Amino acid sequence: MSSSEQQEVPGLNEKSETLASVTTNQDKKREELVIDYNVPDEFEYAEGGWKAWMAILGSFLGFFPTWGFFYTAGVMQNYIAKHQLATVSTSTISWIFSVYNFCLLGSFVFSGLYFDLNGARRPLILGNVMFLTGMFALGNCTKIWHFIVCLGILVGMGSGIASSPLIGVVCHHFNRRRGIATALAMNGGSIGGVVIPLMLRSLFDKSGYPWAMRSLGFLSSGFLVCSVLLAREDPAKLHKPEPGSLMRKSSESSFVRSFLSYLSGSFDYKALKEPKYLFCTLGCCMAELSTGATLTYITSYCEQVGYQDEDAFYIITVLNALSIIGGYICSLLADVLFGRFNVMIMINLLLGIVGFVMWLPFGSKGSGIMYAYGAIYGALYGSMLNLAPVCCGEISRVDEFGRRYSTMYALVGFTFLAGIPISGAIIGEGSLESYNNVIIFFSAVSIAAGVFYLLSKCFALQNPLKKNDTKESDFPGTLARLIKSSLRRF
C-alpha cells in the first residue's frame with residue numbers, strides 16, 4: 001500500500017497512533033520495571049587493572065589482623081576465662097565480647113560517610129592506630145575493666161573504623177565481579193582466623209600471654225601499614241553533597257557543629273524506610289548475631305563436653321580455613337549463576353538447619369562430629385560474611401554505599417550488644433542442657449536471617465504488597481507476586 005493510499009483509508013492514522021501509544025506505554029512499563037530491579041548507577045567500573053587489584057590486596061592485608069582477631073574471639077574468651085579471669089562468671093566475661101562486637105560493628109558508622117566524601121586513607125590510619133594501641137595494651141590486662149577498655153573499645157572500634165573503607169574501596173573498582181572481589185579481600189580475615197589461633201596457641205605456651213599479644217601486635221603493624229598504602233578509592237566515585245545539604249554544611253561550620261552534623265548525617269535514617277533495605281538490615285543483624293555468638297562459644301562448648309584443649313583450638317582453625325574455600329566458591333556462584341541474594345538466603349537457611357540436625361543432637365558424641373560441623377559451618381559462614389556487603393551494594397548506589405553499609409552494621413552492633421549477653425545468660429553455669437538451648441537459639445536466628453533476606457529480595461524486585469488497581473484487597477495476587485519474586489535470580 002502506497003503512502004497516498006494509506007492517507008485515504010479512514011481511521012488508519014488513528015489506529016497507528018493508538019498502536020504507537022500502546023507500544024510507548026509498554027516500553028515505559030518495561031523501563032519502570034528495569035529501574036525497579038536495579039539501583040541507578042551511572043558510574044563506570046574498572047573490573048580489574050593494577051589499581052583495582054592493589055586495592056583488593058590492601059583490603060586483604062587490612063582484614064588479616066582486624067577480622068582475623070574477630071574470628072579468634074572464641075579462643076580468647078576460652079583462654080582468659082581459664083587464666084586472667086578464672087574467678088569471673090561466664091555471663092560477666094561475655095560482656096567483654098559483647099562490647100567488643102558492638103564497638104567493632106557499630107563504629108562502621110563513624111567512617112562510612114567520611115569514606116563516601118573523602119576516601120579511605122584517614123579513617124584507615126585512625127582505625128589502625130586504635131587497633132594497635134589496644135592490641136599492645138592487651139598484654140598487660142588482668143581485670144575485667146582492662147579487657148573492656150583495651151579489647152572491647154580500642155581493638156573493637158579500631159577494627160570497625162578501618163573496615164568500612166576496606167570494603168568501600170573494593171566496591172569502587174568492581175561491580176559485575178563484586179562478589180568475587182569482596183571474597184578475595186575478606187579472605188584476609190579468614191586466613192588471619194587460621195593463622196592467629198595457631199600463633200597464639202604456640203606463644204601462650206612458649207612466651208606467655210603478655211608477649212603473645214605483643215607479638216601479634218608487631219605482626220599486625222606490618223600488615224596495617226601496607227594496607228594504608230595500597231587500599232585506595234576511585235576519586236570519581238566520591239560523593240559530592242548538594243549545596244545546602246547537611247553534609248555540605250558540616251564541612252563549612254565550626255568543629256563542634258561539624259562533628260555533630262557529621263554524626264547526624266552518618267546514620268541513614270531515610271534508608272530504613274525502604275522495605276528492601278530494612279529487611280536486608282534485619283537479615284544481616286540476625287545472621288551476624290548467630291555466627292558471631294557461635295564463634296564466641298563453640299570453643300567453650302567443646303571443652304564442656306570433654307574434648308581436648310587442642311581440639312577446641314583446631315576446630316576454630318578448620319572452621320576458618322574452610323571459610324576461605326567456601327567463601328570464594330559461593331561468591332563465584334553468586335556472581336555467575338544464582339545471584340547474590342539467592343545464595344545469601346540459602347546459606348543462612350542451611351546454617352540453621354545444620355545446627356539443628358548436626359550440632360544439637362550429635363555435637364557431644366565425639367570430636368570428629370565437631371570437626372565435620374566446623375568444616376561445613378565454615379564453608380557456609382565465609383560466604384555469608386563475603387556476601388553481606390555485596391547484598392547491601394546490590395540495593396545501594398556506589399557513592400552512598402559507605403553510609404548505607406555502615407548504618408546497617410551500626411544496627412548489627414546494637415544486636416550484638418544485647419545478643420551476646422543473652423547467649424551467655426542462656427549458657428549460665430555451662431551445663432550441656434544450657435549449651436543445647438543456646439544452639440537452638442543460634443540455629444533459629446540463622447533461619448530468621450534467611451527469611452528476612454528473602455523479604456528484602458522480594459521488595460527489591462517488585463513490591464509484593466502493591467495493591468491491584470481494581471481491587472482493594474488482592475491476597476492471591478500478593479502471594480503470587482511474592483512467590484514469583486522469590487524465584488527470580490537476584
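Each residue, glycine too, has its Cβ placed from N, Cα and C.
Just so you know, TrEMBL annotations never went through curation; they're auto-generated.
Values in this document were obtained by computation on a predicted structure and should not be read as measured data.
Annotation source TrEMBL lists region 'Disordered' at 1-24.
What TrEMBL lists as domain 'Major facilitator superfamily (MFS) profile' is 51-461.
Marked as transmembrane segment by TrEMBL: 52-73 (among others).
Under the heading transmembrane segment, TrEMBL lists 93-115 (among others).
According to TrEMBL, the feature transmembrane segment maps to 144-167 (among others). Proximity of distant same-chain residues to the transmembrane segment (144-167), defined by a Cβ-Cβ separation under 8 Å and at least 6 residues beyond the stretch ends, is recorded for 58-59, 62-63, 66-67, 69-70, 76, 80, 84-85, 88, 92-93, 95-108, 110-112, 115, 119-120, 123-124, 126-135, 137-138, 182, 185-186, 224, 227, 231, 233, 389, 402, 405-406, 409, 413.
Residues or ranges marked as transmembrane segment by TrEMBL: 179-199 (among others). Under 8 Å from some Cβ of the transmembrane segment (179-199) lie the Cβ atoms of residues 52, 56, 59-72, 75, 166-167, 170-171, 173, 212, 215-216, 219, 313, 316-317, 319-321, 323-324, 327-328, 331-332, 334-335, 340, 382-383, 385-387, 389-390, all in the same chain and six or more residues away from its ends.
Distant neighbours of the transmembrane segment (211-231): 54-55, 57-59, 61-62, 64-66, 69, 120-121, 124-125, 128, 131-132, 135-136, 138-139, 162, 165-166, 169, 196, 199-200, 203-204; these residues of the same chain sit at least 6 beyond its ends, with a Cβ under 8 Å from one of its Cβ atoms. Look at TrEMBL and you will find 211-231 (among others) tagged as transmembrane segment.
Using a Cβ-Cβ cut-off under 8 Å and counting only residues 6 or more beyond its ends in the same chain, the transmembrane segment (277-300) has close neighbours at 70-71, 73-75, 77-78, 81, 90, 94, 97, 101, 105, 271, 312-313, 315-316, 319, 344, 348, 351-352, 370, 374, 377, 381, 384-385, 388, 391-392, 395-396, 404, 407-409, 411-412, 415-416, 419-420, 423, 427, 430, 435, 438, 442-443, 445-446, 448-453, 455-456, 459. Residues or ranges marked as transmembrane segment by TrEMBL: 277-300 (among others).
Non-local neighbours of the transmembrane segment (312-334) in the same chain are 71-72, 74-75, 78, 179-180, 182-184, 186-187, 190-191, 193-194, 197-198, 201, 295, 298-300, 302-303, 340, 342-344, 347, 367, 370-371, 374-383, 385-387, 390; each lies 6+ residues outside the stretch with a CB under 8 Å from one of its CB atoms. Positions annotated as transmembrane segment by TrEMBL: 312-334 (among others).
The annotation transmembrane segment is assigned in TrEMBL to 341-362 (among others). Below 8 angstroms of C-beta separation, residues 283, 286-287, 290-291, 330-331, 333-334, 369-370, 372-373, 376-377, 380-381, 383-384, 387-388, 391, 394, 436, 439-440, 442-447, 449-450, 453-454, 456-457, 460, 489-490 of the same chain, each at least six residues beyond the ends of the transmembrane segment (341-362), sit close to that stretch.
Positions annotated as transmembrane segment by TrEMBL: 368-388 (among others).
Under the heading transmembrane segment, TrEMBL lists 409-428 (among others).
The transmembrane segment feature in TrEMBL is assigned to 434-455 (among others).
Within the same chain, residues 179, 182-183, 186-187, 189-190, 284, 287-288, 291, 294, 298, 302, 307, 311, 314-316, 318-331, 334, 340, 343-344, 347-348, 350-351, 354, 358-359, 362 sit at least 6 positions outside the transmembrane segment (368-388) and bring their C-beta atoms closer than 8 Å to a C-beta of that stretch.
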